[in-house]
Structures are given as structure tokens and as C-alpha cells.
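In TrEMBL this protein carries:
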type: DOMAIN; residues: 4-181; note: domain 'Formyl transferase N-terminal'
type: BINDING; residues: GLY12, SER13, ASN14; note: N(1)-(5-phospho-beta-D-ribosyl)glycinamide binding site
type: BINDING; residues: ARG64, MET89, ARG90, LEU91, LEU92, ASN106; note: (6R)-10-formyltetrahydrofolate binding site
type: ACT_SITE; residues: HIS108; note: active site, proton donor
type: SITE; residues: ASP144; note: site 'Raises pKa of active site His'
Amino acid sequence: MLTVAVLISGTGSNLRALLDAAAAADFPARVVVVGADRDADGLAHAEEFGIPSFTVPFTHYATREEWGRELGAQLEVWQPDLVVLSGLMRLLPTELVERWAPQLINTHPAYLPEFPGAHGVRDALAAGVTETGASVIVVDGGVDTGPILAQERVPVLPGDTEHTLHERIKPVERRLLIETVRQIAAGELDLAATASAPS
Ligand code: GAR
């Protein structure tokens with residue numbers, strides 16, 4: 001059974017979908033802990049499922065590195081096989097990425113390498129594209145630059161706002177995330193091989 005830590009900043013709808021999927025007896029992964037960088041609404045999902053959680057508030061630390069060291073110490077307690085960034089809206093310090101990569105994946109609401117960064121949905125709308133998407137990647141030292149594990153196109157419709165477009169992307173993200181975690185857990189996807197493959 002693959003053990004998973006999930007890190008969030010917001011409502012945790014993707015976390016919720018993963019918790020629902022992992023509750024099935026035949027799903028080969030279990031979420032063992034949920035962490036957040038703030039008092040995130042999504043922590044309520046962990047509580048509902050009886051899963052431990054921790055918060056390491058980014059704003060309580062003088063530097064990203066100090067925050068990352070405490071976040072890392074919390075992860076070490078649980079020793080997860082995989083760490084999932086599911087809407088964690090902070091860049092991890094290099095030290096933490098090096099400790100966990102390639103067993104460290106991220107969901108992103110755009111078709112990478114298009115529209116990386118904190119505003120993937122807003123940036124796609126501003127660019128006037130007719131299609132954007134959702135991606136699941138391995139985290140590396142850059143901003144959404146790691147190897148792509150899964151992605152799918154999502155249409156941008158006339159009249160879309162950032163909210164309506166994001167709400168169309170999220171169900172696709174959820175499906176991709178759950179399937180990616182399942183593949184990793186089932187041994188069908190080898191993150192070490194993916195991360196070291198030439199691009
Ligand atoms: C998701 O769309 C996720 O891809 C995005 O935040 C949302 C979190 O939603 N992450 C990023 O944009 C990271 N660059 P949720 O809290 O409802 O799961």
C-alpha cells in the first residue's frame with residue numbers, strides 16, 4: 001500500500017476527491033497525513049476522514065527555508081512514499097524538493113508548459129486561448145517545469161470567468177491526479193525513471 005501525504009492551501013477539492021477514491025478497498029494508496037501552509041478550509045476533509053493533519057503557517061517564518069525545514073520535519077514524522085502538492089500555493093525550498101523528488105508531484109490547472117505559476121487559469125484567459133488544460137507533474141527545482149505525468153485539454157468557452165474555467169478544469173485535474181496516484185501505487189508508473197528520462 002502506497003502511503004501519501006497531501007499538501008494544500010485552499011478548499012482542497014482535489015484532496016477530497018483523492019480521499020474518496022482512496023476509501024475504496026481496492027485502491028492501492030492511502031492518504032496518511034494532510035499538511036497546509038495556512039488555516040486552509042480543506043483541512044476539514046482530513047478531519048472528516050479521520051486523517052491526521054498539520055499546519056505550518058508560511059507567515060510565521062522569517063524565510064522560505066525556515067518554513068520549509070519545519071514542513072520537512074512534519075513530513076519526516078509520517079515517512080510517506082509520495083508527497084502530493086494539491087493546490088499548495090507556495091514554492092518549496094530547494095532542500096525540500098531535493099529530499100522528496102521524484103516522489104513529489106503537483107497538480108496544475110493548465111496544459112504545461114503553457115501557463116505555469118500561481119495564476120494558470122487567469123493567464124490562459126488573459127492570453128485569449130480557446131483551449132487550456134490540466135496537468136500532473138513531478139516537482140523539480142523550477143516553477144512547474146518538471147516531467148509531465150498526465151495532462152488533458154479543457155476548452156475555454158465564450159464568457160468564461162476565471163471561476164467558471166477553473167471549475168471546468170478541476171474535475172479533469174481530479175481524474176488525472178487519482179489515476180496518476182493509482183498508477184504509481186500499482187507500480188505502473190516509475191517516477192524515478194520518468195524524472196531521469198531525457199526530455
Ligand atoms: C487546483 O486547481 C490546483 O491545480 C491549483 O490550485 C487548485 C486547488 O484547488 N494549484 C495551482 O495553481 C498551483 N500552481 P483545491 O484546493 O480545490 O483542490
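Cβ atoms here come from the backbone N, Cα and C positions, even for glycine.
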Of ASN14, ARG64, ARG90, LEU91, LEU92, which binding-site residues come close to ligand 1, meaning Cβ under 6 Å from one of its atoms?
ASN14
Please report the distance from the Cα of HIS108 (active site, proton donor) to the Cα of ASP144 (site 'Raises pKa of active site His'), rounded to the nearest angstrom.
8
Look up ASN106 ((6R)-10-formyltetrahydrofolate binding site) in the DSSP assignment and report helix, strand or coil.
strand
Could you please provide the mean pLDDT value for the domain 'Formyl transferase N-terminal' (4-181)?
97
So which recorded positions are near ASN106 ((6R)-10-formyltetrahydrofolate binding site), with CA atoms within 10 Å, out of GLY12, SER13, ASN14, ASP144?
ASP144
Would you kindly give the Cα-Cα distance separating SER13 (N(1)-(5-phospho-beta-D-ribosyl)glycinamide binding site) and ARG64 ((6R)-10-formyltetrahydrofolate binding site), rounded to the nearest Å?
26
Where MET89 ((6R)-10-formyltetrahydrofolate binding site) and GLY12 (N(1)-(5-phospho-beta-D-ribosyl)glycinamide binding site) are concerned, what is their Cα separation in Å, rounded?
12
Report the residues of the chain - excluding GLY12, SER13, ASN14 - with C-beta within 8 Å of the mean position of the site's C-beta atoms, for the recorded N(1)-(5-phospho-beta-D-ribosyl)glycinamide site, in sequence order.
ILE8, GLY10, THR11, LEU15, ARG16, ALA17, GLY42, HIS45, SER86, GLY87, LYS170, ARG174
Cα-Cα separation of ARG90 ((6R)-10-formyltetrahydrofolate binding site) and ASN14 (N(1)-(5-phospho-beta-D-ribosyl)glycinamide binding site), in Å?
17
Looking only at the binding-site residues GLY12, ASN14, LEU92, ASP144 (site 'Raises pKa of active site His') has its closest CA neighbour at LEU92
Which residues does LEU92 ((6R)-10-formyltetrahydrofolate binding site) neighbour through Cβ under 8 Å, counting only same-chain ones at least six apart?
GLY68, LEU71, LEU85, LEU104, VAL139
If you draw a 10 Å sphere on the Cβ of GLY12 (N(1)-(5-phospho-beta-D-ribosyl)glycinamide binding site), how many other Cβ atoms land inside?
23
